[in-house]
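Here's the structure we're looking at; comments come further down.
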Amino acid sequence: MALLPILEFPDARLRTVAKPVEQVDERVRAIIDDMFETMYDAPGIGLAATQVNVHEQIIVIDISENHDEPLVFINPRIDVLDETLFDYEEGCLSVPGFYEEVTRPRHVRVTALNRDGEEFVLEPEGLLAVCIQHEIDHLKGKLFVDYVSNIKRQRIRKKLEKQHKERA
């Protein structure tokens, strides 16, 4: 396993729309393993392949305190089950150090493939539903900062660009 570099906003590669995984094989499972290692090391609770410059529809999530409930979503499809919206303060490994409230559906249904290529359906609510929606957005080239005002987004962009220059 290997730690993968995480792309940071405003990197244009984060806007790439991910392609479906055609076959779940050892190559894909190796990407998944590297993504989990990278996510846990960051530390984070979710990571989309787009964030590590792999433009395939792969998501890893683990919202547990002890990192013992890993979830893999390959080629996820999402349906809203409850139109009730709620606000949740979100952060992102690709937008480090920033947290903003985002409004999302409370209850969704996700259909995806697991790490063995088997289809499954999950109907999460709360934090897991938010996390899945956030990561699926990454696969579509969308970031949580797209949900905030243009002024806030530009402020975040400028601060991160300044940090990138200071690290260079």
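Each Cβ is built from the backbone N, Cα and C atoms, and glycine gets one as well.
Here the structure is a predicted model, which means the values were calculated and not measured.
What Swiss-Prot records for E135 is active site, and it gives sequence analysis as the kind of evidence. Annotated Fe cation binding site per Swiss-Prot: C92, H134, H138, in sequence order.
Mapped onto this structure are the features recorded in Swiss-Prot.
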residue: C92; record: Fe cation binding site; contacts (Cβ under 8 Å, 6+ apart): F9, F98, H134, L143, F144, V145
residue: E135; record: active site; contacts (Cβ under 8 Å, 6+ apart): G46, L47, A48, I59, I61, F73
residue: H138; record: Fe cation binding site; contacts (Cβ under 8 Å, 6+ apart): L14, A18, A48, T50, Q51, I59, S94
Note on Fe cation: the CB centroid of C92, H134, H138 has further same-chain residues inside 8 Å, namely G46, A48, Q51, E90, L93, S94, E135, D137, L143, F144
In all the protein chains shown, the tally of other Cβ atoms within 10 Å of the Cβ of H134 (Fe cation binding site) is 24
